[in-house]
Amino acid sequence: MWYISTRGTAPRVDFEGALCSGYAPDGGLYIPEELPQLDRETLGRWSSLSYPSLVKELCSLFIGPELIPREDLNGLIDRAFSRFRSRDVVHLQKLKHGLSVLELWHGVTYAFKDLSLSCTAQFLQYFLEKRGKHVTIVVGTSGDTGSAAIESVQGAKNVDIIVLLPKGRCSKIQELQMTTVLKENVHVFAVEGNSDELDEPIKAMFADAAFVQEHNLMSLNSINWSRVLVQMAHHFFAYFQCSPSLDTHPLSPVEVVVPSGAGGNLAAGYLAQKMGLPIRLVAAVNHNDIIHRTIKHGDFSLSQAVQPTLASAMDIQVPYNMERIFWLLSGSNSQVTRALMEQFERTQGVHLPKELHSKLSEAVTSVSVSDEAITRAMGRCWDENQYLLCPHSAVAVSYHYQQMDGLQPRKKKQRPRCGHTQKTARKDATCNLTRSLRHWHLDLRHPTSGTRREYISIF
Ligand SMILES: Cc1ncc(COP(=O)(O)O)c(C=O)c1O
């Protein structure tokens, strides 16, 4: 399997090359040259697999055995998930009124990033050991990526990791997760400014190719193909768990609602769809709505500024993974993708060509959710199910409630729908939830307030 750049002017690389690169040298993102197509038989076989087994099957399609023999690949993935709190690794929770939520947060740092980062770190160490090489990972974080990246490589002898966190802006739990790992290869710095500001010197550093090469630097955010690859498994697992039957012709669709920021999970879902998985994708965003505007109106343009919201990890202005989606939609046309992205970079905004926009809106629908709707969804989900959502997951669940409330009663049970839950609400506790809990006190004056007290004391 070869990987090419979405912008078409960088040499193709194998999985190891894509894993160790981040951006391609022409500024594009790596993507498989060809996507494997899955027939019904394969989908049928995969439908009864556990989540770790699904990850193994999927990764084996994209990482040739000449790079990582299958037995080694299985061992690496088992090791990646060995520290998860749940043996199933990912769990699907069925809630009332046709809502299912996919719990992606049973990893060490309680965030969905543990899934792809733990596998990615194992793949990386495998190649580094084989080649006798060392890398330094540099990560800027608003809280979650830093802690998951640290956990995934702490103690690894061929890797050092440097994390910059925005001083005073992460939740206490996030900060402690990053600052209490006392391994010699972990170096954490609190810096002044917000997470966008701390990204600037990191971007500038990665733009200095000679410096990057001299010090063997790499990044681990979701521009990295390996992270997107592992995240594709969420969509397969969600589908198999929610689909009523695999015996129908054609297969019945499941709607997967993806809380989106940089679009990594969304791109993973679209890749799964292109491989033959019959999912309908909904991109659920907060007030930072560039993905929503792009899908609805073809308006891929920056807003004036990032707006702080309760779903803070999705307060993202540039959803860089949309580039992978544009490339796929354009029929692997790197000229079209390059022109689009270069114009976007020059003018901070571009209108999608008509054909591309109509393909996009056929493949993905979207919703933008306010802070008020986030807190309402958290409250309603608790009231109906005694199930606690984090604000990011509530962005997706809010879409479900909007759809429910808009449907006629007799149709209410119709379409299976699965929202991704990205992290446990506990992790947001000290920072984000204090704000939303205040709303809850105002909004949810529930007569049996004992329930709520018990709920709040979870933190
Ligand atoms: C908790 C949480 N939810 C959702 C997202 C958005 O993910 P993506 O970049 O895949 O769109 C992030 C991204 O950082 C996140 O941390």
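Backbone N, Cα and C atoms are what each Cβ position is placed from, and that goes for glycine too.
Under the heading compositional bias 'Basic residues', TrEMBL lists 409-424.
Per TrEMBL, domain 'Threonine synthase N-terminal' is recorded for 3-81.
Positions annotated as domain 'Tryptophan synthase beta chain-like PALP' by TrEMBL: 105-329.
Taken residue by residue with DSSP, Lys113 (N6-(pyridoxal phosphate)lysine) is part of a helix. Contacts of Lys113 (N6-(pyridoxal phosphate)lysine) defined by a Cβ separation under 8 A and a same-chain sequence distance of 6+ are given as Gly107, Asp144, Thr145, Ala148, Ala149, in order along the sequence. Marked as N6-(pyridoxal phosphate)lysine by TrEMBL: Lys113.
Among the features that TrEMBL reports, region 'Disordered' is placed at 406-425.
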Average model confidence [pLDDT] within the domain 'Tryptophan synthase beta chain-like PALP' (105-329):
93
Could you count the residues of the domain 'Threonine synthase N-terminal' (3-81) that DSSP puts in helix, in strand and in coil?
36 helix, 7 strand, 36 coil
